[in-house]
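Asker: So TrEMBL lists these for the protein:
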BINDING   C:Thr135, C:Asp209, C:Glu234, C:Lys264, C:Asp268  substrate binding site
BINDING   C:Gly300, C:Glu301, C:Val302, C:Gly303, C:Lys304, C:Gly305, C:Glu321, C:Ser374, C:Lys375, C:His376, C:Asn421  NAD(+) binding site
COMPBIAS  C:44-63  compositional bias 'Low complexity'
DOMAIN    C:269-427  domain 'S-adenosyl-L-homocysteine hydrolase NAD binding'
REGION    C:31-80  region 'Disordered'
4 protein chains.
Amino acid sequence: LTNVFFCKCCAPFCSGSLQIQFANTEDKQEFSKFPTKAGRRSLSRSISQSSTDSYSSAASYTDSSDDETSPRDKAQVNTHGSSDFCVKNIKQAEFGRREIEIAEQDMSALISLRKRAQGEKPLAGAKIVGCTHITAQTAVLIETLVALGAQCRWTACNIYSTQNEVAAALAETGVPVFAWKGESEDDFWWCIDRCVNTEGWQANMILDDGGDLTHWVYKKYPSVFKKVRGIVEESVTGVHRLYQLSKAGKLCVPAMNVNDSVTKQKFDNLYCCRESILDGLKRTTDIMFGGKQVVVCGYGEVGKGCCTALKALGAIVCITEIDPICALQACMDGFRVVKLSEVIRQMDVVITCTGTVPHAVTFITSALIITVSSKHIRTSIKYASLRSPELTWERVRSQVDHIIWPDGKRVVLLAEGRLLNLSCSTVPTFVLSITATTQALALIELFNAPEGRYKQDVYLLPKKMDEYVASLHLPNFDAHLTELSDEQAKYMGLNKNGPFKPNYYR
Amino acid sequence: LTNVFFCKCCAPFCSGSLQIQFANTEDKQEFSKFPTKAGRRSLSRSISQSSTDSYSSAASYTDSSDDETSPRDKAQVNTHGSSDFCVKNIKQAEFGRREIEIAEQDMSALISLRKRAQGEKPLAGAKIVGCTHITAQTAVLIETLVALGAQCRWTACNIYSTQNEVAAALAETGVPVFAWKGESEDDFWWCIDRCVNTEGWQANMILDDGGDLTHWVYKKYPSVFKKVRGIVEESVTGVHRLYQLSKAGKLCVPAMNVNDSVTKQKFDNLYCCRESILDGLKRTTDIMFGGKQVVVCGYGEVGKGCCTALKALGAIVCITEIDPICALQACMDGFRVVKLSEVIRQMDVVITCTGTVPHAVTFITSALIITVSSKHIRTSIKYASLRSPELTWERVRSQVDHIIWPDGKRVVLLAEGRLLNLSCSTVPTFVLSITATTQALALIELFNAPEGRYKQDVYLLPKKMDEYVASLHLPNFDAHLTELSDEQAKYMGLNKNGPFKPNYYR
Amino acid sequence: LTNVFFCKCCAPFCSGSLQIQFANTEDKQEFSKFPTKAGRRSLSRSISQSSTDSYSSAASYTDSSDDETSPRDKAQVNTHGSSDFCVKNIKQAEFGRREIEIAEQDMSALISLRKRAQGEKPLAGAKIVGCTHITAQTAVLIETLVALGAQCRWTACNIYSTQNEVAAALAETGVPVFAWKGESEDDFWWCIDRCVNTEGWQANMILDDGGDLTHWVYKKYPSVFKKVRGIVEESVTGVHRLYQLSKAGKLCVPAMNVNDSVTKQKFDNLYCCRESILDGLKRTTDIMFGGKQVVVCGYGEVGKGCCTALKALGAIVCITEIDPICALQACMDGFRVVKLSEVIRQMDVVITCTGTVPHAVTFITSALIITVSSKHIRTSIKYASLRSPELTWERVRSQVDHIIWPDGKRVVLLAEGRLLNLSCSTVPTFVLSITATTQALALIELFNAPEGRYKQDVYLLPKKMDEYVASLHLPNFDAHLTELSDEQAKYMGLNKNGPFKPNYYR
Amino acid sequence: LTNVFFCKCCAPFCSGSLQIQFANTEDKQEFSKFPTKAGRRSLSRSISQSSTDSYSSAASYTDSSDDETSPRDKAQVNTHGSSDFCVKNIKQAEFGRREIEIAEQDMSALISLRKRAQGEKPLAGAKIVGCTHITAQTAVLIETLVALGAQCRWTACNIYSTQNEVAAALAETGVPVFAWKGESEDDFWWCIDRCVNTEGWQANMILDDGGDLTHWVYKKYPSVFKKVRGIVEESVTGVHRLYQLSKAGKLCVPAMNVNDSVTKQKFDNLYCCRESILDGLKRTTDIMFGGKQVVVCGYGEVGKGCCTALKALGAIVCITEIDPICALQACMDGFRVVKLSEVIRQMDVVITCTGTVPHAVTFITSALIITVSSKHIRTSIKYASLRSPELTWERVRSQVDHIIWPDGKRVVLLAEGRLLNLSCSTVPTFVLSITATTQALALIELFNAPEGRYKQDVYLLPKKMDEYVASLHLPNFDAHLTELSDEQAKYMGLNKNGPFKPNYYR
């Protein structure tokens, strides 16, 4: 899921989520193309709507701004006299600060990292150029990196997802931020360039989300890599690109694949979807869960999370699966495993949680939600055909379309078939905290690693670090770990401080 | 809960919800006063905010209207040439119609009532004057009454809760509606008067919610009661007034107490709260439920609903109770029963579901939600003292206040301690359908009852009608009842068509 | 359920549980007859099997006794020199004592009653003649009565359910007990007579379970009632008889109906079945619950308890119901409501939880469990027809029959269609403790009530006593009740010590 | 868990389960020794008790046999005239057949394997020597192998676990079985020898459980390996030995590690414990779950299964963990994570689910159940110290000991601290079916693999076979898999028939 939330570049995959179900030739061709800005933009729009609609009061505050001047054309100075930034409106800094403070309350792992590192400053000397979504949560990450000793320059990985007031708050504290909500494609690359190409400062670490920053440096400033000690990449797409570079022998620095760390995989999909499926459905449709008949397509981690929540709230849930192992789990967990065509007429809600493919853990995560208010829809739905001239589309609320058949039957489509939890609900800050902490630790590890520990390859975080990330989040729950005695540890052949599980453990 | 949602007059009780916890002398005096408009207004404001904030897109559409002219000063005519109505803007009728249509999809019990009564028109000749909230859901009720043969005139029971576009849609179809959002107190009584006091039309049935309409007719037009066959009252407060009238020997027509019907009592609190607690918390705070420590004060039906949902989503819930029977149920259901003072320091969230008193089933239902982001709050909180000068209040979002202690600790208070599910979440249309159907059946029963069946007293719906209401809602779930065989029915001494439970069954 | 467990006289009703489903004329006639010993015996046999098979090691110890001499023909003396008792073997007293001690651990409410009453001895002067099942749990009750000051004489209400070693333990401590496992009908009445008709001792209180003792006194020693202050009756049948006596004007002392106390009704069915359905199924069939398709007939408290447990363990459960209110609850709780004939072919397990009738709360509680290992059984099953010559019955384990169709299909029938939780699982001692405590309190109340408080009628325990019973059980869970402040109590018009709910509250 | 059920050789580990908690020097020395028969015997005794106490009626039937003659001294002939077997009593064959038939109903995967292979006989020519537990479930496996064309000779891997009547049934159909319940150590090796060393028949496949058979062949008949095409090993210990052989270069045939197949790992621990924890607790203690405070030590798959079931039945569960990742999962799942010493005084039940070590997935699985009936036990308990002279042990039922402190406090210890689900509950046949099917497929694969596919090494089953095993079990649940369309498969780069997940997927 996190890859979803953060992943600008999964746009074609996301619309691809529909294609998986109803793939046709044109779609496939589109899919195989390198993600273009056009593709990106279509998702970006959805992210933008998400921010607007249901993100937080912050977003709507931002929206109320009617200033149409491009930030590139404004001269702005923060209260410290610096103008090395480009944001929508530096005056929103105070409001943004409050949003950051609220986020900090659920990201205490990063706060505790700050405290533990107060003396040593493990990132002293690090010059990090970063390209991520710019939200209150990433602001907590960035300010943690600064607290650990790093200098940072930052830009947005998505043209729509920037929370302007957060960008302003960062700029106000002296972080050179180049980002605003609603950038043009030209703005996008201009911002990246302003981060990388600045006089008297050269990055020695890269934190990327989607690979655009990395791509730009490769293309325009390859010499930068001479000083770079490593790349930390968070998104599925970005990781995919890095593996391709590595395969082609073109990766010239070590890279850390944060996306596939155990902590991220174990928590993001299952727990995040358990929380957001209900939220997304309520915010968009005010639907009552009790007694609703729901078919969930796919019983991977995403599907498991959705099913747990829906069943608990009184929905009657069944499953479709292609993989017999997941299907058997669904059976044991108390869900009927059916074919969509067998049950579609009885279902009130169809939720697709398909999208796993074999070569990566979860590189397409899709969640098409169709709320079938009529029970007479005949077959599984092909998105393209939903746009046929016989069908009338009526937008009844933001992210909610009624699709009306000639005979009057209505199907409610949420988020136009895009990801519900991206578009229509919020993602718990706590989950983002896990990823952000992992990113911070990956940066520390790469920056401080002795010569030779990492070569020009893509690495996973060592198990022990995964466990450390988890341990930093336990105080949120007032959880107390048990410590092995010396005897017990010796008997079991374990180090008392872990790692406790083998690397292949999931 | 329904009483909560519909109950204009429980305003003092609602602020009273805090007083129950921390009652003091002044509060008590206020409580014992007859609810004045002032008291009413304070709740009304909250309802209004609710509509604005989280109700539906409809409400926000309404809000965007910047027309400041009083509807009383406007000359409006619907497309059929009638001007016997007074709404904000008759031109919003089409939009209101869509909202009504959406509501109809979850109120199929009323739709099926319409169908079943197509031939007979059981309300032919009924002239109903009604005073309820005017929302898409009540519009479905009103239009059902019309379809059953009744003539209706309608006004709002609350000065803030009217959905203007729904009022317009009703007026457009020819129902004389007198209501808009944001009436003054004078407007309020003017509207009631316009409903009752009209030339050439005299009501013979009253449908009231809160007792204001009944009160007005008693005071101004007592002669109307000569023709009135009965009153149907839905709210706790209104029912209370009716019992007082009856006790005083002043009730001059039969009255039906819809509030205490089994179907309503059994479903509203438990299921509605199970759905809305999560919704309300997410919309206001984006909180993650997993692992949160929550104390729920009160394990009645409201508390049971909240606890079920929170536990299912991974919260760690404990309970406070005064009643040993409910406490023992909490134990058996797997919740620790504690005193608030024992656990308050460890809790992330405090939810009050107190408010039952012995003489009515649930006449005060309160839900103060305090999200304790700090764990250092020392004692249970007294609302008045929260307004002390040492504490800083910061409104971070609509319905969300941070209360900041001198040492920097923050407590998040939702809805200013008023009902969360009223203010911050939606109530499932399906649940409102149960109440609306009961109201319709009560009207039919009173209107058609043979002379002498009902005297000048307050009645509960017969068990059989409760069962009928339930049965009308089963098709929503595609549920199929089993029918007793003749032998089985005879053996058990039951009528095959019910009632199946004794009247005292709950 | 308790009525089930304790009710000798519900024998015809229990076999009636099948008749409810498939009633025919002969059955009905049998049903309407006064329960004869023959009818009683048929259940007794089942109780006996229950004790033998799955009750506890105690029972099997008893069984291993090969002493065939009738206890009536033995001369036995306890270690204190008394021979005023008649049990199987006084030497088993020590073993019985251990069983009683184990039971005491889950009956701490009675133990605390003993402690609270140490000074006052509220039953000093009481001479109680009792007729109940004689098990470790009732022994704890009897010894509590003695500790509270009463003199007791005791006999068994069932010819098969006596735990011989427990009877021995009671006799050893000086309680005159007349009971053993496997009494003849003549023995049964002889034992009752020995309890009542003893020189120099006359009962002034009666504790009955099933009404046989009361019946005997009425018939043989009516003069005893001159001194009797009251009857406490626990079973559905016994209560029914008392109401008949009262109606006929023949009840000459006050009687307390313990069966319908709130605490008993609220806890026995729901929680007891939630625990015992899994236990009974595992002990008999070793069935795996995960993924099993189960239809539960009836969604009253018994059905709700079964469904909760089965769903939680991964079974896929659907419901049949005749009552639309219960059906609607099933829907909201996430169960499909179906007709048996629609689903029977797909089901793995059929569980009947039918048996409510309108004039009493739950006087027939039945649980026929059919485990359908074949999915080709065509129709709902009629017990009589299961005994048809075409079908082969194979007893594969105790309480487990395979019924084999000519085509080889097998149906597994548990407990021959009798109550599963009576026959195949244990009932938690804690639940029996609730009933036993209520009985003790009822005795105290009747014995100490001032002249005139109770007339010659049948009474329910006052609400406050129900609450007291509940409160005595809270320490088992380390539960801490909250106490209303004076202000709060005054505001709510409640006494701080309860009762907190109206009498009609359930 | 399966390793638990089947694992003769984990005896020292199992007593080790206590040592993990309270390890001392002597224990450790014992642990590091090669498992001797002495060690084995101590577990075997427990298995034996398990069979006797709670296994099935079959076991008790067996027990009632009072024939003391050693099977080795009896001359027995089956009805076909063969005497090539050695079982307790060939006359029990019919009864054993019925037990096998009952097992077949939950092992339909094997039955369907038989059907699919009716034409081809994939094991035609296979001569399998097997050494496993001999139960109804393994009988279904053996008879499946025979149906697939194999010739089998079989012996028991445990001296106590043989179901005599099942062994008789196998011998009756012509499978040379050498096994009975209660073998001496000499008998044990004699039986193995009789399987391997028979004139005119030489094994070409080995199916082992624990490695004793393999060990014997290595030691006594190394030349047999010239013809053997492979070894299939199921237990943790046996697999461990094979890896050691392989490492030492002494493995001279391919071996298949069935223990670590995904299907087994994914299902056995989680689902099996979810079912058996409740069963084991009820059968031994009749405990009521509702409201019980339980601490579960360890939140791996075993712990997760236990917690799910207990929470669902109303217990209040908290967790101890050493691994922060599992601890964080526990938090998100709604369990407090505590140290044992913090909570031990409040707990009613302590359940240990510790036992994971890093080098194997789960080679120590322990489940010490301590039911603390007193709440005054001061510290975590060390098993050795429980045997101190101050403490009195009282065996109250089979597998249930009361340990009595000098001050009268009692602790209930189940199964003497050994595995509860091994000793006190049954394991669902369905779960055993998964393992048995995997064993059958592994045999087929090794027997038919083309020269060179497998070398002299230890292999895991390919993912695709795991998926096949799962798919064979879906019909039990009437589950219908969805099939990818050609387009979808191509798009996702998957073969339509799987495998659907990467090999490292868990």
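Quick reminder: no glycine exception, Cβ is built from N, Cα and C everywhere.
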Asker: Determine, using Cα-Cα distances only, which of these binding-site residues is closest to C:Lys304 (NAD(+) binding site): C:Thr135, C:Asp209, C:Lys264, C:Asp268.
Answerer: C:Asp268
Asker: Out of C:Thr135, C:Glu234, C:Lys264, the binding-site residues in the record, which is closest to C:Glu321 (NAD(+) binding site) when you go by Cα distance?
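Answerer: Considering only the listed binding-site residues, the nearest one is C:Lys264.
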Asker: Near chain B by Cβ (under 8 Å): which of the binding-site residues C:Glu234, C:Asp268, C:Val302, C:Glu321?
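Answerer: From C:Glu234, C:Asp268, C:Val302, C:Glu321, the ones near chain B are C:Glu321.
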Asker: Does DSSP put C:Gly300 (NAD(+) binding site) in a helix, in a strand, or in coil?
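Answerer: C:Gly300 (NAD(+) binding site) sits in coil per DSSP, no helix or strand.
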Asker: Identify, in sequence order, the binding-site residues in C:Thr135, C:Asp268, C:Gly300, C:Val302, C:Glu321 that approach chain A with a C-beta to C-beta distance under 8 Å; the answer is 'none' if none do.
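Answerer: Near chain A, no listed binding-site residues qualify.
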Asker: Tell me the Cβ neighbour count for C:Gly300 (NAD(+) binding site), meaning other Cβ atoms within 10 Å of its Cβ, over all protein chains shown.
Answerer: 23
Asker: So, three-state DSSP: helix, strand or coil for C:Asp268 (substrate binding site)?
Answerer: helix
Asker: What is the separation, in Å, between the Cα atoms of C:Lys264 (substrate binding site) and C:Val302 (NAD(+) binding site)?
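Answerer: Here the two Cα atoms are 13 Å apart.
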Asker: For C:Lys304 (NAD(+) binding site), just count the other CB atoms lying within 10 A of its CB, please.
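Answerer: The answer is 23.
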Asker: Between the Cα atoms of C:Glu234 (substrate binding site) and C:Val302 (NAD(+) binding site), find the distance and write it as a whole number of Å.
Answerer: 19
Asker: Give the sequence-ordered list of residues that share a chain with C:Thr135 (substrate binding site), lie 6 or more positions from it, and have CB atoms under 8 Å from its CB.
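Answerer: Long-range Cβ contacts: C:Ala103, C:Ser161, C:Thr162, C:Gln163, C:Val166.
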Asker: Counting other CB atoms within 10 A of each CB, which of the binding-site residues C:Glu234, C:Asp268 comes out lowest?
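Answerer: Among the binding-site residues C:Glu234, C:Asp268, the sparsest Cβ neighbourhood within 10 Å belongs to C:Asp268.
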Asker: Can you tell me the CA-to-CA distance separating C:Gly300 (NAD(+) binding site) and C:Asp268 (substrate binding site), as a whole number of Å?
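Answerer: Rounded to the nearest whole number, the Cα-Cα distance is 12 Å.
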Asker: Report the mean pLDDT of the predicted model across the domain 'S-adenosyl-L-homocysteine hydrolase NAD binding' (C:269-427), rounded to a whole number.
Answerer: 76
Asker: Between the Cα atoms of C:Asp268 (substrate binding site) and C:Val302 (NAD(+) binding site), what distance do you get, rounded to the nearest Å?
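Answerer: Computed Cα spacing between C:Asp268 (substrate binding site) and C:Val302 (NAD(+) binding site) is 9 Å.
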Asker: Rounded to a whole number, what is the top Cα to Cα distance in Å among the residues the record ties to substrate, namely C:Thr135, C:Asp209, C:Glu234, C:Lys264, C:Asp268?
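Answerer: In whole numbers, the farthest two Cα atoms are 19 Å apart.
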Asker: Would you kindly give the Cα-Cα distance separating C:Asp209 (substrate binding site) and C:Val302 (NAD(+) binding site), rounded to the nearest Å?
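Answerer: With the alpha carbons as reference points, the distance is 22 Å.
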Asker: What is the total of other Cβ atoms whose distance to the Cβ of C:Lys264 (substrate binding site) is within 10 Å?
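Answerer: There are 24 such Cβ atoms around C:Lys264 (substrate binding site).
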